[in-house]
Amino acid sequence: MTWYNGYRLPVPRRKLRSKEKMRQIAIYGKGGIGKSTTTQNLTASLSTMGNKIMLVGCDPKADSTRMLLGGLNQKTVLDTLRSEGDEGVDLDVVMQRGFGDIKCVESGGPEPGVGCAGRGIITSIGLLENLGAYTDDLDYVFYDVLGDVVCGGFAMPIREGKAKEIYIVASGELMAIYAANNICKGLAKFAKGGARLGGIICNSRNVDGERELLDAFAKKLGSQLIHFIPRDNIVQRAEINRKTVIDFDPESNQAKEYLTLAHNVQNNDKLVVPTPLPMEELESMMVEFGIVDM
């Protein structure tokens, strides 16, 4: 047995896939921006293109995989550690297969008022590595990460070099862009670990001039607007039916938008160290596009 973050973990049972072949991608974004919905539809789209995928939810709400699993709230890694103890954790308990045979894991969070959710991410990823979850057949591993605060734990996929590509979900709203800029500050700080920004994903809120604003913001970061996802009520209808849009109505216009995003991500080779904006420049840009008044 080995020790990791206070827990005893089993030694690896299976060979890990080489990092050159497997793309590890972290999706960050402000809470409530639609990050988990976007990530699940993105991974579902990539699975229809023949890719083998694992999705690791790194959000204490543990809702990163629910639609891929038909509404199932699976047992989280931290809940399993608390209930079963150090030696009672098996990969089959914490990993479920969802739509497109996507491997789904939720790290979970600490008990209310106790512990740090960010440290839960560190524990979960360490456990998955030691249980041999990163198998040779995987093309992608996605980390769906809360991005309001990029503390040490939530920055772990970046800081430890687990995720080499970072995408940020944002909209034309002030706090979404503010959070995206802060995430880029964290990414720039830990760039020596090899992580790079792949682009901004706009999950539209129908803000006036939203596409132009996000395009300008991405360019100022030295990056790109990887895709603009229009707002469509079919997303909510799919969620009510506990499915991704790709599963619920694969011929819909919104499904085509997610498939376009998947193609853009799969073919993306523009990975950069971002240049986050100083607050004065960020505020000036928001004024220029009419988001805030002076």
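Cβ atoms are placed via backbone N, Cα and C, with glycine included.
Listed features, source TrEMBL:
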- G29, K30, G31, G32, I33, G34, K35, S36: ATP binding site (BINDING)
- C116, C151: [4Fe-4S] cluster binding site (BINDING)
- R119: ADP-ribosylarginine (MOD_RES)
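Distribution of TrEMBL features across the structure.
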residue: G29; record: ATP binding site; Cβ neighbours (10 Å): 28
residue: K30; record: ATP binding site; Cβ neighbours (10 Å): 23
residue: G31; record: ATP binding site; Cβ neighbours (10 Å): 15
residue: G32; record: ATP binding site; Cβ neighbours (10 Å): 11
residue: I33; record: ATP binding site; Cβ neighbours (10 Å): 25
residue: G34; record: ATP binding site; Cβ neighbours (10 Å): 21
residue: K35; record: ATP binding site; Cβ neighbours (10 Å): 25
residue: S36; record: ATP binding site; Cβ neighbours (10 Å): 24
Within 8 Å of the Cβ centroid of G29, K30, G31, G32, I33, G34, K35, S36, the other same-chain residues by Cβ around the recorded ATP site are G147, V169, A176, N203
DSSP output for S36 (ATP binding site) maps to helix
Reading the DSSP string in three states, the entry for G29 (ATP binding site) is strand
